[in-house]
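*Asks:* Okay, these came from TrEMBL:
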ACT_SITE  Asp348  active site, 4-aspartylphosphate intermediate
BINDING   Asp348, Thr350, Asp908, Asp912  Mg(2+) binding site
BINDING   Asp348, Lys349, Thr350, Glu562, Phe603, Lys626, Arg660, Thr740, Gly741, Asp742, Arg882, Lys888, Asn911, Asp912  ATP binding site
COMPBIAS  1299-1313  compositional bias 'Low complexity'
DOMAIN    20-86  domain 'P-type ATPase N-terminal'
DOMAIN    934-1187  domain 'P-type ATPase C-terminal'
REGION    1281-1335  region 'Disordered'
REGION    1375-1394  region 'Disordered'
TRANSMEM  64-93  transmembrane segment
TRANSMEM  232-254  transmembrane segment
TRANSMEM  274-300  transmembrane segment
TRANSMEM  965-986  transmembrane segment
TRANSMEM  998-1018  transmembrane segment
TRANSMEM  1048-1067  transmembrane segment
TRANSMEM  1087-1105  transmembrane segment
TRANSMEM  1117-1140  transmembrane segment
TRANSMEM  1160-1181  transmembrane segment
Amino acid sequence: MLTQEPANNESAFRQEERRVRANDREYNEKFQYANNCIMTSKYNIVTFLPVNLFEQFQEVANTYFLFLLILQLIPQISSLSWFTTIVPLVLVLSITAVKDATDDYFRHKSDNQVNNRQSQVLIGGIETNMKVRQSLSVTSDLGDPNNLAQFDGEVVCEPPNNKLDRFCGTLYWKDCKYPLSNQNMLLRGCVLRNTESCYGLVIFAGPDTKLMQNSGRTKFKRTSIDRLMNTLVLWIFGFLVCMGVILAIGNAVWEKEVGALFQSFLPWDPPVDNFLFSAFLSFWSYVIILNTVVPISLYVSVEVIRLGHSYFINWDRRMFCSRSNTAAEARTTTLNEELGQVEYIFSDKTGTLTQNIMTFNKCSINGRAYAGRSSPPGRSSRRRLKRLLQRTQLNSPVGASADALGDCRPQRRLRVAASRSPLPAAFSACLLPPSGAPSESFPAVSLPLYERTLLSGPTALKELLAALAALKEPPNRRYHGGGVAANAAPLLWHRVQPLDFSAWNPLADRGFCFYDQSLLEAVMVGEPAVHEFFRVLSLCHTVMSEEKSEGELVYKAQSPDEGALVTAARNFGFVFHSRTPSTVTTQELGKAVTYTLLAILDFNNIRKRMSVIVRNPEGRIRLYCKGADTVLFERLHPCSHEVMNITSDHLNEYASDGLRTLAVAYRDLSEEQWEEWSEHFRGADKATDCRDDRLAAAYEVIEQDMMLLGATAIEDKLQEGVPETIAILSLANIKVWVLTGDKQETAVNIGYSCKMLRDDMTEIFIVNGHTVQSVREELRKARERMLESSRTRDGGKEVEAQGLGGACAFGNGCGGGGAANWMPDESKCPPPQAPPPSLLESVSGEFALIISGHSLAHALEADMEREFLETACACRAVICCRVTPLQKALVVELVKRHKKAVTLAIGDGANDVSMIKTAHIGVGISGQEGIQAVLSSDYSFSQFRFLQRLLLVHGRWSYLRMCRFLCYFFYKNFAFTMVHFWFGFFCGFSAQTVYDQYFITLYNIVYTSLPVLAMGIFDQDVPEQRSLEYPKLYEPGQLNLLFNKREFFICIAQGIYTSVVLFFIPYGVLSYATQSNGVPLADYQTFAVTTATALVIVVSVQIALDTGYWTAINHFFVWGSLGIYFTILFTMHSSILFSIFPKQFHFLGSAHNTLGQPVVWLTIALATVICIAPVLAFRFLKLDLKPQLSDTVRYTQLVLQKKRKPGGRVGRGVGGSGVASGSALGRLGRGGSRRSGYAFAHQEGFGELITSGKNMRLSSLALANFASRHSSSWIDTLRRKKHANSPGVQNTPPTGDDSAASSQAPPLSTSSSVNSRQDTAAGEAGQQCNEPVLTHSPDDIALSMLRCADRETGGCSTGTVQEAPFVWKGSGARICGASSPGPPPIAEETSSGD
């Protein structure tokens, strides 16, 4: 019996149950259930105008301007015409209405398509993976329409709800009742597969379906800029009221003291009878005149800019996945600038970091391991060797412990002299690293180690050789799965071909690869355990099979894991062929076998296992089970414990390799056991209350005393570019937390694979307690270890610095040219800094935290969440294992609640929806797990690596553009409005305006709107390549530096200063100026035209200065707006309009007369210079004294552009090393851009280079004098202040790079190398002056100038620089002699060369 599912409606709260009777319309209609018509639209033709206006006037700004419009209709108050307010208001309302109408039109269109479909099965799907749905056995024979017409069953079920994973109901038919579950339901929105048609009874329709119930409104998300902007607008309202009060008081004083003298010929208007009432009216008049400090076009301009940014994301071809034909999509337009402020990323693992494409990799059967394919040597190989050495109690020849040999940290690897005595050939062959691999990547072993192993017996030597061979295994080699004899080491390097299954199995999947011949031999010789193992994989699943042609089977699985396991069984001869509700048909080694399916004990997240009970053709009943080892091992028969111990070792090794594991078991059942349990099962299945709990209890009874067969290991490969993306995001000070349901070992090793975890991390903490006390103790110990490690490292750095001649100097040797001799002046060293407000905030080093789900449950309790958050936020990486979807959301909410930081959650499945909705920004991956995550997200794309571009390019640009837009917008409006305020003191506070009413109307919507929109949509500070190459450029957004209350007041101050200049300069000049015929220029209209013209020119010049990236659109809008102003100005003062509208345009010829006077243009020029000169001076000083990193990057590009010009100077040196470097760096320059640029010489392994502790190199000859003055210490200082003021715990600031800060730091010239070709070139040109090198590691900025090696002449040749290399730390350390936070200026060049 197939039905269609419910969802929650208003009526759902009134229903206790729902009753539907088949073929009885009269009975069903009396309940007045919803029909199948859905409606997601908001308006219709009749309701659109009133409803939309009602919604728009809920905005405070729109209501405010409506209030002003009403005031302007009162003649005694308004000195402006009503159209000065109604025109902008109508324009804004119209633009918003058009946008809303367009959106609703598409909703109507979608609703019509859905409601007019002829089929009940809709295209698309809630989940893309296959779900098995079956009819009841009693109704499965009603396939004939005549039988269906006679069907009169009644369904009684739960009311509509939005729970996708459950349904509880009962079918009453022929005096019997049959339970209905989710397995008998078809959800609206599903696609029917493997069946041509089906008949069903509709239980819920239209708005009652689960699909519609789950498409409810998502919580509206607002950005931090939105919240700040609302606060600032309220402040501006208050400022407006204050100005109105001041001018009203001035009016009262003036009317009392001076105005009374003019009553005889200038009496008050009839309603006014005293100076107090005159002041009251004056207050409202000035509120109307000065209302433009709160621009009505602000909000609509912000929405237009955000819409443009969203289109840029949608159109970005670099975020388009051709494999899945999926483009990036901005599903909201309100969060774009928040993408440039993210500090925490919460990521799912499976399908998000990995591909969610599973391959059967390894297995363990009856205690024997089979390796399907080899993996690069990893932590499991090292642990294996470590266990072997501990077992034989061997010691290191150099005094290190066996633990040191097993430790994977490079600085602790065992280095042993191999010259003491020769080793046997097979042994030494295993010790030699593969060709082309660095020898330091592999531990060396000496003769004593070999001898002691030999004394332990041949088995120990055999295992040791295998472990050592695994350590040195090259990634492109395949190994045999068997043991390794003492003389068989050379065979390890033999390339192994995948097994050919098609030779004996015509149904084999040709895409399946496996390499262990011994497993195939075990199948062929008929080992019972191996046969039973693959029989479990072919029977215990819910996969659907479709035979498209003879011998061509296509599997449709609920999950990729199941598909991989069934495919593996298929290739080894146990082929799942077809199923019915009561049978499963397989082909076992070519023989067709049909099993009777007695029961399916389905999988869920609580059980973590699945079982089937089948009867084979011989009549034997057997239960087959697969599931998580932690669950399955508890239910094994005692006689399986020996196999369980061996299998546990194999599972640990598989998990250490990052594989997904399952245990496999079986149990034989007698007829009596089956009959007794089936009666219990049927009773639970038919229960109408607590059915799920009763079924779980029944399952628990039968799934006991099982025999362990083995375990499987499935590989879920990382997505392309994940390690590089995480490395770049880490450099941008973005912390990545992985929240996964996988077991700890799998998650940890995926963490290593994607470079979240690294061998050179200071320490990795594992919290695995089962009680509140144990979890609290483990967190406390982790914090103590952080502080202890920090003190140790800081002490070591101080000793090292003192040995170099000062605590603030970090010297390096130069490659190829000898040591540097530069020493700092100790007398100029800054005093020690004060201790930070939080101890954990000062922690240096990189830490990681790994916590399990049961420990996280305790850590999230109210009395411990602060401790957990403090510990986790001090770590560079956090991995939460075995977590539930609810725990994911709780972790995100915890960080949101206690940290002043923007959070982003990214996932691909339905279990990530709550996390995505909780975070400030939700990103959905359109992958293998369906579209629920995408439907709940704010942004979506198909690959995790696109997150790098979304944040560092689109997010950073959106934040930069929005901040510049807002700063300029408030500036230009204050510069425009405050002129009226100053004029009030010279017009008797009469509410007379300076500008004419047409200028007031058009200023914001015509003269200045388009240039600022162009800047807000197209502006850039550096090209997209530089945004990715310099992740530190992202940090100002995290600290909210570009637009905050301080920046707002600076913009307001600049606007007020501009208004003072624009009023008093023309006022002072024109008061005494005359025309050429001696007629004075001091008239009102001349002053108005002069001031208005100067204002338009000044704000146009200002936006030209603010624009960092010029396009044709910017030029057209900026200069076009000036042209439009003069065109409209001369038109309004022309004789044509005067003849048509003499009462409206009565200043005939005023513009021609005013702008025809040279003194007017001199006045305009003088006002412009006085307004702009301080801005230019301030920016030049800031650029020279305290440049930002973006300034450094832009300056470097300009220098390189000049160097690349024909005839331009290039770095001197024999062999043209400067030319080679310049050409290499210029390959990625933007040809179509008006800004020069260059890129790194990227090669394969870029992400590996970043995370290895080596530095990213930027080379430029002229960078030293400019970039040396840049420091990130001011950013870190602000970051510490920000988190010190946080209501929650303090965050950990960026710490120094471990390799650069430790005493073992290599020379900077070596660590800065990007590829070997550049290093070789630098080495060959060692006698020449090299270019400066700017390196960016996760937490420091280092500038290195390689000293000229012209030692014979005692100095460098003309045009070279003689500074020695040095490094300054980003955490606040200062070089001696620095006068500002950050590095001091480097000495000037010895000549005026480039």
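Every residue gets a Cβ built from N, Cα and C, even glycine.
Any TrEMBL annotation is an automated prediction that lacks curation.
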*Asks:* Would you find the one among the binding-site residues Thr350, Asn911 whose Cβ has the most company, meaning other Cβ atoms within 10 Å?
*Replies:* Thr350
*Asks:* Within this structure, do the transmembrane segment (64-93) and the transmembrane segment (1087-1105) have 3 or more Cβ pairs under 8 angstroms, counting pairs 6 or more apart in sequence?
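*Replies:* With fewer than 3 qualifying Cβ pairs, these stretches do not touch.
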*Asks:* Taking 10 A as the limit, how many CB atoms besides its own sit near the CB of Arg882 (ATP binding site)?
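*Replies:* For Arg882 (ATP binding site), the 10 Å Cβ neighbour count is 20.
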*Asks:* Could you measure the widest C-alpha to C-alpha distance across Asp348, Lys349, Thr350, Glu562, Phe603, Lys626, Arg660, Thr740, Gly741, Asp742, Arg882, Lys888, Asn911, Asp912, the residues recorded as binding ATP, and give it to a whole number of angstrom?
*Replies:* 26
*Asks:* From the recorded positions Asp348, Phe603, Arg660, Arg882, pick the residue whose C-alpha lies nearest to the C-alpha of Asp908 (Mg(2+) binding site).
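*Replies:* For Asp908 (Mg(2+) binding site), the spatially nearest of the recorded positions is Asp348.
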*Asks:* For the domain 'P-type ATPase N-terminal' (20-86), DSSP counts of helix, strand and coil?
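*Replies:* Output for the domain 'P-type ATPase N-terminal' (20-86) reads 31 helix, 2 strand, 34 coil.
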*Asks:* Rounded to a whole number, how many Å is the Cα of Gly741 (ATP binding site) away from the Cα of Asp348 (active site, 4-aspartylphosphate intermediate)?
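*Replies:* Gly741 (ATP binding site) and Asp348 (active site, 4-aspartylphosphate intermediate) have their Cα atoms 9 Å apart.
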*Asks:* Take the C-alpha atoms of Arg660 (ATP binding site) and Thr350 (Mg(2+) binding site) and report the distance between them in angstrom, rounded.
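*Replies:* Each residue's Cα considered, Arg660 (ATP binding site) and Thr350 (Mg(2+) binding site) end up 10 Å apart.
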*Asks:* Expressed to the nearest Å, what is the distance separating Arg882 (ATP binding site) and the residue listed as 'active site, 4-aspartylphosphate intermediate' at their Cα atoms?
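*Replies:* Arg882 (ATP binding site) and the residue listed as 'active site, 4-aspartylphosphate intermediate' have their Cα atoms 11 Å apart.
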*Asks:* Roughly how many Å separate the Cα of the residue listed as 'active site, 4-aspartylphosphate intermediate' from that of Asn911 (ATP binding site), to the nearest whole number?
*Replies:* 9
*Asks:* What residues elsewhere in the chain lie close to the transmembrane segment (1160-1181), defined as a C-beta under 8 angstroms and at least 6 residues from its ends?
*Replies:* 1054, 1057-1058, 1061-1062, 1065-1066, 1069-1070, 1073, 1081, 1086, 1089-1090, 1093-1094, 1097-1098, 1101-1102, 1105, 1154
*Asks:* Counting across all protein chains shown, how many other Cβ atoms sit within 10 Å of the Cβ of Asp348 (active site, 4-aspartylphosphate intermediate)?
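*Replies:* Its Cβ has 29 other Cβ atoms within 10 Å.
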*Asks:* List the Cα distance (Å, whole number) between Thr350 (Mg(2+) binding site) and Phe603 (ATP binding site).
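*Replies:* Phe603 (ATP binding site) has its Cα 18 Å from the Cα of Thr350 (Mg(2+) binding site).
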*Asks:* I need the CA-to-CA distance for Asp912 (Mg(2+) binding site) versus Phe603 (ATP binding site), whole Å please.
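*Replies:* Asp912 (Mg(2+) binding site) to Phe603 (ATP binding site), Cα-Cα distance: 19 Å.
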*Asks:* Let me know the model's mean pLDDT on the domain 'P-type ATPase N-terminal' (20-86).
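*Replies:* On average, pLDDT over the domain 'P-type ATPase N-terminal' (20-86) sits at 80.
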*Asks:* Taking only same-chain residues 6+ apart in sequence, whose CB is under 8 Å from that of Phe603 (ATP binding site), what do you get?
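*Replies:* In sequence order, the residues whose Cβ lies under 8 Å from that of Phe603 (ATP binding site) (at least 6 apart) are Arg609, Met610, Gly627.
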*Asks:* Taking the Cβ of Asp908 (Mg(2+) binding site) as the centre, count every other Cβ atom within 10 Å, in any protein chain shown.
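*Replies:* Its Cβ shell of radius 10 Å holds 32 other Cβ atoms.
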*Asks:* State the count of C-beta atoms found within 10 angstroms of the C-beta of Gly741 (ATP binding site), not counting that atom itself.
*Replies:* 21
